Number of protein chains: 4
Amino acid sequence: MPKAIKKIGVLTSGGDSPGMNAAIRSVVRTCAYHNIECTGIYRGYQGMIEGDFKEMGARSVNNIVNKGGTILKSARSKEFMTVEGRKKAHQNLVNANIDALVVIGGDGSFTGAEVFNNEFGYPVMGIPGTIDNDIFGTSHTLGFDTALNTVVECIDKIRDTASSHNRLFLVEVMGRDAGHIALNAGIGAGAEEILIPEQDLGLERLLESLRKSKASGKSSSIVVIAEGDKIGKSVFELKDYIEENMPEYDIRVSVLGHMQRGGAPSCFDRVLASRLGVKAVESLLEGKSNFMVGILNDKVALTPLENAIKGHSEIDRELLRVSDIMST
Amino acid sequence: MPKAIKKIGVLTSGGDSPGMNAAIRSVVRTCAYHNIECTGIYRGYQGMIEGDFKEMGARSVNNIVNKGGTILKSARSKEFMTVEGRKKAHQNLVNANIDALVVIGGDGSFTGAEVFNNEFGYPVMGIPGTIDNDIFGTSHTLGFDTALNTVVECIDKIRDTASSHNRLFLVEVMGRDAGHIALNAGIGAGAEEILIPEQDLGLERLLESLRKSKASGKSSSIVVIAEGDKIGKSVFELKDYIEENMPEYDIRVSVLGHMQRGGAPSCFDRVLASRLGVKAVESLLEGKSNFMVGILNDKVALTPLENAIKGHSEIDRELLRVSDIMST
Amino acid sequence: MPKAIKKIGVLTSGGDSPGMNAAIRSVVRTCAYHNIECTGIYRGYQGMIEGDFKEMGARSVNNIVNKGGTILKSARSKEFMTVEGRKKAHQNLVNANIDALVVIGGDGSFTGAEVFNNEFGYPVMGIPGTIDNDIFGTSHTLGFDTALNTVVECIDKIRDTASSHNRLFLVEVMGRDAGHIALNAGIGAGAEEILIPEQDLGLERLLESLRKSKASGKSSSIVVIAEGDKIGKSVFELKDYIEENMPEYDIRVSVLGHMQRGGAPSCFDRVLASRLGVKAVESLLEGKSNFMVGILNDKVALTPLENAIKGHSEIDRELLRVSDIMST
Amino acid sequence: MPKAIKKIGVLTSGGDSPGMNAAIRSVVRTCAYHNIECTGIYRGYQGMIEGDFKEMGARSVNNIVNKGGTILKSARSKEFMTVEGRKKAHQNLVNANIDALVVIGGDGSFTGAEVFNNEFGYPVMGIPGTIDNDIFGTSHTLGFDTALNTVVECIDKIRDTASSHNRLFLVEVMGRDAGHIALNAGIGAGAEEILIPEQDLGLERLLESLRKSKASGKSSSIVVIAEGDKIGKSVFELKDYIEENMPEYDIRVSVLGHMQRGGAPSCFDRVLASRLGVKAVESLLEGKSNFMVGILNDKVALTPLENAIKGHSEIDRELLRVSDIMST
């Protein structure tokens, strides 16, 4: 019989995303609700190694549900990739009487959690926090919905000036390996073309599409490009390439950058964070371990961490077709 | 064999909601994509009766994906409730060579569409557009997600002043028959208590909850109340009631009102509108009729209009529990 | 020669407004810059009486420049209206070695500061923090600009639904004694008519204006009404009155309420807060006292507190004419 | 005696800015108010040369007060720099019975207007529309206030992620020749250091400031840089330079780009646009010509176009000091 859990530690790790604070709040309050203690661990695994802990009660998380970033801060820890680092971390948890861990982060963070669980039999539960939505086992990661709203609001502004000047804008959005942001925000922002890592449309097709767009009477155009698109050119090289081939276009580049990671979370992300935090804590209390808590078909669902790490969150091919039709 | 569809009419009806313009755009562009003509019908069924039509091509819907309201305007039509009105409307469609209809609206609008279909065998397809999310056959109606963001942004502002003054705010949100907005936005905004039409918690429990909240050290509180809550008191009567019973509270009321219906749609609503518009048109082209196009388990899905009207969109009981835990 | 100032106390008092936190930050950092100590006083004069103090260094005010509300909280203190209360407060300041006071608030707060100064010869400096912009001696009070943006964003949303339905909306904004918010936000939001306390246009003229608006082909209308308008009817009574006289109008009411006091301050308010805080502290260090620090002709300027209290901030009559022309 | 003005033309020229539509609306409605005709001229001087005109009545400008961009579109015209181009343009105005011109734009546009006035004795009036605030004769140009809010909102989001990761962000904002945006938004966003074209602080001082910031316990930092800063390095070269000298910093770059030109105008810019449009039209009707209508000391004021072009809008040196103190 597993040891009864009396204190749970919570940390955020990897790139931060909007909704992480709401998830921390949910974990802390669910602990309080069940009369369990809760410890905040600062700066992810690095703070676990350094024993950078703080007791948290229900009132410690007042007024953070709507704050971007993470009050526990985040970091990437090289030391946690070593056995020594993990041993130190484990000893700190034991010393502080922390019985289980909730890790809010992306798949790098989950890999760390799984290794930790395997080595020490230590109960862990993951909550997917990343704007990229690239985690298997959940239809939405924390922060994805907020990032989409940030991107479309930015492109709405860019469109104002694009259509005032009949210009073509190349807008680069986050997504090194996954086109979820580009695809959804591209449709939402009414982009003429969307370039994503999952699909190489080829440069020729892009030019074709821009020519058609021009011919159809569109006076301005937006192309949305994921950082890691398959075309293999930087967004600035792409600008040069289009200018060479279509000198009639007045082209501007906009790289949205890190603002996509920040900002007050959307209502969707706050509710999602609240639900996932409850489930993470209650699953640990039920003796479960080594799962990620996600959302599938609008229901909270557990996926073994192992699968979440190995799996791949596919883009929705239907959306590619919708995007095509919308740019008619 | 049904007559091939060569021209589709589109209208918005009932209370407007953010995303209606994006849905109109999607219907128009999907028609263009399939080389079908498209006619915009102004002011819902009333404009159908009056023949208030306008041909729409792909360029007619430029730059509206991000606009609140509806460029086709909306109205409630008493005349359409009469056989004569509907006959006139049908004749106008026939005269204009419009072969099928996409109706964007709520269940009142769908009832009209179904009756119209029954009487004239006329092909109709519904798209759920209402902020209330009270339609059976879709997990999300167009505008719901945007309205949630509007509400939480308002309450975030109210919370600034609430916590500066240690006050209790009663915030009334839309939802005459359905608590979806109150429940989700209440969790998202960190409300201490949420009152919805689906559940009568009783006034005693509300006072109890406020007392507990005060005792637990919370200095300010937000209670979110759906218009149609079961307690049977107006929000102003509720204020008086609490003040009598808990004179230690300094209470303010805020009725958010119609701004919840407006504003630029969220990315979620824009993508949803785009998907539903494509499916509505393509379903008509495939010979289907009398369905509502919704989203279930993240997939576009058809529900017979009849079921959409009769059915009821249940609130998610899990969220009530999450809300309880969050207000620990 | 006055005693050299080595420690300054800062408090917020009266209704809170966006930019108060930025002003607190500025006071604290200007003290740090000049190697002066700074003490935060909680809950305004009430906290001064109760000795609710906290030492604040430059790092105490990290990341608050963009936060609505006030981290020092605000309150109205009846006890401070008594000599005994003020004596207690003064003794607490003396005991804590606080040599001077910066009071951020409206004219009620300034009256308290002036009395305090008169009774004890205690150095005080005021910073005008109120959304109403009703303080003499400054063209802008802290929070006014932010409140205007909040109001126009709300009315932009209301306009979406108003123009979708061809409706008339009566929108009540804050301003019990001053029409600055109604007048500026009314122009900004494109209101057809604006009702303010400073001017009684009469009900007949309002009806006339609405008739003209209808005749000129406007399909929807917004009327912006300050809480304290001269017409002497509540916004709901006004609705009834218009409906009786112009039954062709479908009228809705929206009372924006306390959200106008919250939210992240605009850039204007943040810069203003920063400038006023610097000037307040440096003026005290120069031996000045009993002034309000405001902005006049884009320059920071001192006004004797006495004048700030007695004076009246007039509305700009030119704006009334601009509003008239804009609603052509 | 000058010919009585019966029809006024209005155009937008140069880089677009938020508030241009509100200014167009104001010009059109002020004409209607005075029973003068109004003609919209598309794509600035180029459309004047091509006769791309459209009659505009009061209803042509419904619902644009809150829209970014310009419904009249903007362009830069090389042809207008030639005498032939200007002759053609003048002839088109004469043919269309347009008696005077309102030009909304920056100093390039004003230069064109002045030359045009000199050559043909044609009545012109300028309205300063540019986000850069670099026009002499007005304390605020149209769009400046909105751009500041856009920038601080972006940096607020960047700060969320900066402080979660203890990072240094270099944020480049618009302003090739003028540091107004960088200076104001830098203060508003709580930047540690601000680099502007008007002042070369030197790289050594920047490093010094960052070292002090680190030493003082700040865990994250934002440096705001105007495009045209004096340091003579691109923001990416600056990143490399700091990394070499302060390897302890984890640095990210964000170039905000063209979104700064778009978006719904702030209330301030809408009111300003309304006031300037009224004054521009009424000044022309009074027989004045060759002025820019600006705002000085909160009052609408005329400045000869010649001075507006030759003059220079100085940054407020006080703000540099405020910025220094705020980053204590």
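Cβ from N, Cα, C; glycine included.
For C:Asp132, the entry in TrEMBL reads active site, proton acceptor. In sequence order, C:Gly106, C:Thr141, C:Phe144, C:Met174, C:Gly175, C:Arg176, C:Asp177, C:Ala178, C:His180, C:Ile181 are the residues near C:Asp132 (active site, proton acceptor), counting only same-chain partners six or more apart with C-beta under 8 A.
Annotation source TrEMBL lists ATP binding site at C:Gly15, C:Arg76, C:Ser77, C:Gly106, C:Asp107, C:Gly108, C:Ser109. Take the CB of C:Gly108 (ATP binding site) and look out to 10 A: across all protein chains shown you find 15 other CB atoms.
For the recorded site, C:Arg25 (ADP binding site), the DSSP three-state label reads helix. Counting only residues at least six positions away in the same chain, the Cβ atoms of C:Val61, C:Ile64, C:Val65, C:Ala273, C:Ser274, C:Gly277 sit under 8 Å from the Cβ of C:Arg25 (ADP binding site). What TrEMBL lists as ADP binding site is C:Arg25, C:Ser26, C:Val27, C:Val28, C:Arg29, C:Arg159, C:Gly190, C:Ala191, C:Glu192, C:Lys218, C:Ser219, C:Ser220.
Within the same chain, residues at least six positions away from C:Asp107 (ATP binding site) with a Cβ under 8 Å of its Cβ are C:Asp134, C:Ile135, C:Ala308, C:Ile309. According to TrEMBL, the Mg(2+) binding site annotation covers C:Asp107.
Annotated substrate binding site per TrEMBL: C:Thr130, C:Ile131, C:Asp132, C:Arg167, C:Met174, C:Gly175, C:Arg176, C:Glu227, C:Arg252, C:His258, C:Met259, C:Gln260, C:Arg261, in sequence order.
Here TrEMBL flags C:7-283 as domain 'Phosphofructokinase'.
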Please give me the binding-site residues out of C:Gly15, C:Ser109, C:Glu192 that lie within 10 Å of C:Arg261 (substrate binding site), comparing Cα atoms only. C:Gly15
Quick one: mean pLDDT on the domain 'Phosphofructokinase' (C:7-283)? 95
Near chain B by Cβ (under 8 Å): which of the binding-site residues C:Val27, C:Glu192, C:Arg252, C:Met259, C:Arg261? C:Arg252, C:Met259, C:Arg261
Going by Cβ pairs closer than 8 Å, show me which of the binding-site residues C:Val27, C:Arg76, C:Gly108, C:Glu192, C:Arg252, C:Met259 neighbour chain D. none
Where C:Arg252 (substrate binding site) sits in the secondary structure, as DSSP reduces it to three classes: strand
Cα-Cα, C:Arg29 (ADP binding site) versus C:Met259 (substrate binding site), nearest Å, comes out at 29
Cβ neighbours of C:Gly106 (ATP binding site) where a neighbour is any other Cβ within 10 Å: 24
Across all protein chains shown, the binding-site residues C:Arg76, C:Arg261 give the max Cβ-within-10 Å count at C:Arg261
If I restrict to non-local contacts, at least six residues apart, and a C-beta distance under 8 angstroms, what lies near C:Glu192 (ADP binding site) in its own chain? C:Ser209, C:Leu210, C:Ser213, C:Lys218, C:Ser221, C:Ile222, C:Val223, C:Ser327
Which ones, of the binding-site residues C:Arg76, C:Ser77, C:Met259, have a Cα no more than 10 Å from the Cα of C:Gly190 (ADP binding site)? none
